[in-house]
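What follows is a single structure, and I will ask about it in a moment.
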Amino acid sequence: MWAQLLLGMLALSPAIAEELPNYLVTLPARLNFPSVQKVCLDLSPGYSDVKFTVTLETKDKTQKLLEYSGLKKRHLHCISFLVPPPAGGTEEVATIRVSGVGNNISFEEKKKVLIQRQGNGTFVQTDKPLYTPGQQVYFRIVTMDSNFVPVNDKYSMVELQDPNSNRIAQWLEVVPEQGIVDLSFQLAPEAMLGTYTVAVAEGKTFGTFSVEEYVLPKFKVEVVEPKELSTVQESFLVKICCRYTYGKPMLGAVQVSVCQKANTYWYREVEREQLPDKCRNLSGQTDKTGCFSAPVDMATFDLIGYAYSHQINIVATVVEEGTGVEANATQNIYISPQMGSMTFEDTSNFYHPNFPFSGKIRVRGHDDSFLKNHLVFLVIYGTNGTFNQTLVTDNNGLAPFTLETSGWNGTDVSLEGKFQMEDLVYNPEQVPRYYQNAYLHLRPFYSTTRSFLGIHRLNGPLKCGQPQEVLVDYYIDPADASPDQEISFSYYLIGKGSLVMEGQKHLNSKKKGLKASFSLSLTFTSRLAPDPSLVIYAIFPSGGVVADKIQFSVEMCFDNQVSLGFSPSQQLPGAEVELQLQAAPGSLCALRAVDESVLLLRPDRELSNRSVYGMFPFWYGHYPYQVAEYDQCPVSGPWDFPQPLIDPMPQGHSSQRSIIWRPSFSEGTDLFSFFRDVGLKILSNAKIKKPVDCSHRSPEYSTAMGAGGGHPEAFESSTPLHQAEDSQVRQYFPETWLWDLFPIGNSGKEAVHVTVPDAITEWKAMSFCTSQSRGFGLSPTVGLTAFKPFFVDLTLPYSVVRGESFRLTATIFNYLKDCIRVQTDLAKSHEYQLESWADSQTSSCLCADDAKTHHWNITAVKLGHINFTISTKILDSNEPCGGQKGFVPQKGRSDTLIKPVLVKPEGVLVEKTHSSLLCPKGKVASESVSLELPVDIVPDSTKAYVTVLGDIMGTALQNLDGLVQMPSGCGEQNMVLFAPIIYVLQYLEKAGLLTEEIRSRAVGFLEIGYQKELMYKHSNGSYSAFGERDGNGNTWLTAFVTKCFGQAQKFIFIDPKNIQDALKWMAGNQLPSGCYANVGNLLHTAMKGGVDDEVSLTAYVTAALLEMGKDVDDPMVSQGLRCLKNSATSTTNLYTQALLAYIFSLAGEMDIRNILLKQLDQQAIISGESIYWSQKPTPSSNASPWSEPAAVDVELTAYALLAQLTKPSLTQKEIAKATSIVAWLAKQHNAYGGFSSTQDTVVALQALAKYATTAYMPSEEINLVVKSTENFQRTFNIQSVNRLVFQQDTLPNVPGMYTLEASGQGCVYVQTVLRYNILPPTNMKTFSLSVEIGKARCEQPTSPRSLTLTIHTSYVGSRSSSNMAIVEVKMLSGFSPMEGTNQLLLQQPLVKKVEFGTDTLNIYLDELIKNTQTYTFTISQSVLVTNLKPATIKVYDYYLPDEQATIQYSDPCE
């Protein structure tokens, strides 16, 4: 290399530049607060008598960073400083100023830097990613700064939210222990299923976990091959492997589907048929290694066309031999048309003119393997023409090259590595096969010298904490320095935008000669990882500059190095093992060890180095935009404005070779750009920057580089098993084994003896540690295998229904080297029944590495968790086994296993809610609640609980997305998820309770609701229940949507055109009388029938216009009021009277309002301290303590309340009256904060929010005592700080009498919820309902089967038809609808939509009429369950859910 360099230098003509003293000041462009940063001053000898000052000027003060006088030799001086806080709190643009005074010199220079408050990172770690109801949740919270040092600041609040966003627990003023918060929470046995959230720092940081009903998998299925595919291949091997969690291979049946899916867009046109997927199905058995392999011909698939997806979907299902338990694995593999690829390696994006440019080209085949002895055509594109070189790769697929640059004339040059010189022929009808060539664009490095500096690259990722030698080559031109002059090479090591390390190498050119090398020893730490940069430069006495820059790849490491291990790494269940922990002295270590089975269910939730680094998304390229430095060109042109820092990509670019147009700033080819690229500001009078070239630039080519991946290392322990005592009983099966905090002493080591749980599995353990001096550290995950060579295992479902039979499977495993004879016993119990207790004992012969399965048909007779005890032992028998007497080991001859199953009650769940609003006002306010049960209750199925909130809107606030427990698949039902959020937000905003967390969550729901509602919009601007599927838009729903969109504009973006289009459509349907015509199906029941139909509809539309902010003078409003005045005082319909009273209150027509309110008062029902209205009053003798209101009664009472509250000011008498109405409405709440249907929920929540804003007195401090006559007592404390916390406790005595006693100041909202199961009722007053089940094949009761259901239903009530109706079909255990059911049902009469949830099929009907409607579909059995209990079919009126009919259906084979 040096010979070529010297040949290049002989061509240069010497020219000695005038010796000018120079300086160079560097510091980070982004100064994070709080942090310690460095500023460096590099001075030449010419400044020996000059005093330099560097200052940082902010809005608040001027801070002197450095004051220094030059020396007689070149010297680099750096000093650390504390970054001041930014003015304004978040960020501030400050000025860095350097000045020099002395020796007849006076100058100064300044630049901008950004001071930015750095955010901390917080993570939440749970002991497991998912839980079952009733389990304990453990979680930790850690906050650290960007240097991974733990922060010990107090958390003002940590809250836990359930899937409905109920705040079910909170912890206030939480103080970490050495940066770690360790908390726990007990889930209720009836805990809601779904995703729970741990919210920290006012909701800015979240951790989540799931609550599900699951059974831990015992084995893992993996698609081992293929990992990648290419169109070049003729075939590929599919390999599926399955192993138990303790590492042994599993035997079972394998089904593999290898499919190429058809592209949906390809057959979207109506005239095209849907293309079938191209599939190959494979089946077989796993071998002794637990694997199954089979070849697949690539000719099966479409490799060149566009009609099919260019990826293969592999779905593998493995069924365990003997148990029938199955597990799945899915893999999508891209079929690459790429036949090979080339990449440049060990190259820069610039070259030094007249010095040889060297690099390498890596060549890979279609499978990413290195291609050896392969031709490479290197093409050089320059201003002087195009030149070619032919290279050959070595055994590593590398082709090195060296190019002479003297002929490039200091211009841009592009290099391309090609597989072949001829271009491939492109066929637009086919996916082209191609070679990925290598591209590299080179710019000349700007320098006024003929000297050279080059840094050798290091292959990464590099290890932290280990010294790395970096070799630097240089050549010094004689013109740049005389032989007796000392040359100083300055270097900076930059990580995460901070100057971490700096130094100088002083060399004497006389001693070193023209060319030489030196090395730097660098040690990388977490402050530098993962992508540090090194900049080296020299400024010669002549003024010339040489420089080079390199970026390293460093592992994501931490300064606190943590390791964890078990000794031995394999141990018997129930035996002791030593846990060995190592970390920095004084660390506090948080340990976690969980069953690998849990991680198989959720493998992506683990804490890792990458996830911790990901909390600090460090910014590397260029300067922050606030302090960017652009080159300004004097001429106007396409770049005559400040340019962005990111390269804009023109549309229609090719993904293989993309053209990037650059703005006019220097591009990485001078010392200035080196510093800019690593985020350092530089102030200097040296020639460090290339002059600006404002001429038009040619497009350049950009190439992306890929990164390789590693393979996990296999580890096997040869440590012998320690023997535990014989006849072990295994019944301790935690999913989390270890969850503890361990302090580390001065030795940096800790050893703890722990007992291995009873599960045969692998335990995955990890630990993180915190230290104030060494920061955060995270250990690799290690495993401990709990294993014994002879054991029994039980296969159980998560839950069963009492009375249903299920199959209990026991599998005995023999991993001894000999055959054994075993006896297996299932213990008797009164909690379950066996078909024949004589079959509870079995014996069999079991040879090495074999397994034997035994089955029993079990019927559970007791609710709750019941235990199954299975015992197996090795018999000392003379009966031959494997051709000889069975082997009997000295120890480990028996194994006993105890495992539970949850038994659930049969029947239909009924939920009753009693709500109470207690306002003690200085004296005790009390109420009695009687938990009474019906006679037809399912035995032992009762549960009851009480919930307490300090705010009347609290339950609704916590359940914004679940106010009504009904399907929500049409345009109006979607609005019940939308409208109440607006009212809740309005209330919270006025009450000063609207936190950023609540706003963020609520706005998210609004944005989703807005998007969904637009699906139901017609092209004319109107809306209907099912959108364009309906013939016309609907007047009522359009008014409802328009009102809500108008009110939501304050919180989210609503396109004004959507509102204007709807208003225009409604205006077109306003009659000359001012009334509104009923267009489309009128969904709302209360507006149907008789003369009041037009009046109530007009009232609703006019109210909607007024509520969205329209003035009474608006033509649509004024004409609507004119229509309503004609019948305002003459209407006798109670609902219409309440609605009109509200309308005229909004319009300010107080005379008419008062007349209507008097009419309402005459029909008000007063019950104790409550006031309400009902269209069908119920005699008081039949009054129920439970919430069972008619939806229309809730709605008209809510309108009456809105009318009472809508006036400029309220008297105390009016507030008292409103409170009495609220007392009744509050009692009608369901357990989720809503009411029975949609419109009653919307209007009632609107009224309650208005009351809460106007007249409600929230709790200051209240003690609520809940007690029973059976000596149960629980006290709840409610204050302003926990006003919105959802407090709950179980009520143990059912049936029973409970008393609620509230004392203190304010109001408290209490709900008592009673849940029990009953056998389905057969009431047919409003709907007829029957079902026929087609003939089923019952010959093979152990095989899955299909059932055809034919449902007959009609409306038999007092009206001509029902409102929208839902047919709700519950699935039999183990059954689900066959594929295509949705499309089949949508073709049947009146069906508007079909939805399938976990175990329920909902069929939406436009209405039901007197004529019987018939619906037929098929359900198929996917899980075999015997002795099936019946399932239910229910039909109900969506808007009058009390109108319903329910029947049962059964499997005819049972």
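In case you wondered, yes, glycine gets a Cβ from its N, Cα and C as well.
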Pick from Cys557, Cys589: which one does Swiss-Prot say forms the disulfide with Cys464?
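Within the candidate set Cys557, Cys589, Swiss-Prot assigns the bond with Cys464 to Cys557.
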What is the disulfide partner of Cys291 among Cys40, Cys78, Cys241, Cys589, as given in Swiss-Prot?
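So the cysteine paired with Cys291 in Swiss-Prot is Cys241.
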Which residue, chosen from Asn328, Asn857, Asn867, is annotated N-linked glycosylation site in Swiss-Prot?
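Per Swiss-Prot, the residue annotated as N-linked glycosylation site is Asn857.
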Which one of Asn120, Asn384, Asn609 shows up in Swiss-Prot with the note N-linked glycosylation site?
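Cross-referencing Asn120, Asn384, Asn609 with Swiss-Prot, N-linked glycosylation site lands on Asn120.
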Going by Swiss-Prot, tell me which one of Cys881, Cys919, Cys970, Cys1044 is disulfide-bonded to Cys1307.
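As annotated by Swiss-Prot, the paired cysteine is Cys919.
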Provide, as an integer number of angstrom, the distance between the C-alpha atoms of Cys279 (disulfide bond) and Asn120 (N-linked glycosylation site).
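So the alpha carbons of Cys279 (disulfide bond) and Asn120 (N-linked glycosylation site) sit roughly 51 Å from each other.
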Within 10 angstroms of the C-beta of Cys1123 (disulfide bond), what count of other C-beta atoms is obtained when all protein chains are considered?
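So the Cβ neighbour count for Cys1123 (disulfide bond) comes to 22.
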Tell me, how many other CB atoms lie within 10 A of the CB of Asn409 (N-linked glycosylation site), whichever protein chain they belong to?
12
Of the recorded positions Cys40, Cys241, Asn857, Cys1307, which sits closest to Cys819 (disulfide bond) by Cα distance?
Cys241
Quick one: which of these recorded positions, Cys40, Cys241, Asn281, Cys589, Cys919, Cys1123, have their CA within 10 A of Cys847 (disulfide bond)?
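Those near Cys847 (disulfide bond) - Cα within 10 Å - do not exist; the answer is none.
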Which residue, of the glycosylation sites Asn120, Asn281, Asn857, Asn1020, has its CB surrounded by the fewest other CB atoms within 10 A?
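Result for the glycosylation sites Asn120, Asn281, Asn857, Asn1020: minimum number of other Cβ atoms within 10 Å at Asn281.
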For Cys78 (disulfide bond), which of the three DSSP-derived states applies: helix, strand, or coil?
strand
Just give me the nearest neighbour of Cys291 (disulfide bond) among the disulfide-bonded residues Cys78, Cys589, Cys845, Cys1453, Cα to Cα.
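Minimum Cα distance from Cys291 (disulfide bond) across Cys78, Cys589, Cys845, Cys1453 lands on Cys845.
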Roughly how many Å lie between the Cα atoms of Cys1075 (disulfide bond) and Asn1020 (N-linked glycosylation site), rounded to a whole value?
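The separation of the Cα atoms works out to 20 Å.
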My understanding is the cutoff is Cβ-Cβ under 8 Å with a sequence separation of 6 or more in the same chain; which residues meet that for Cys40 (disulfide bond)?
Val25, Thr26, Leu27, Leu76, His77, Cys78, Tyr492, Leu499, Glu502
Measuring Cα to Cα, how far is Cys1338 (disulfide bond) from Asn857 (N-linked glycosylation site) in Å?
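Asn857 (N-linked glycosylation site) has its Cα 18 Å from the Cα of Cys1338 (disulfide bond).
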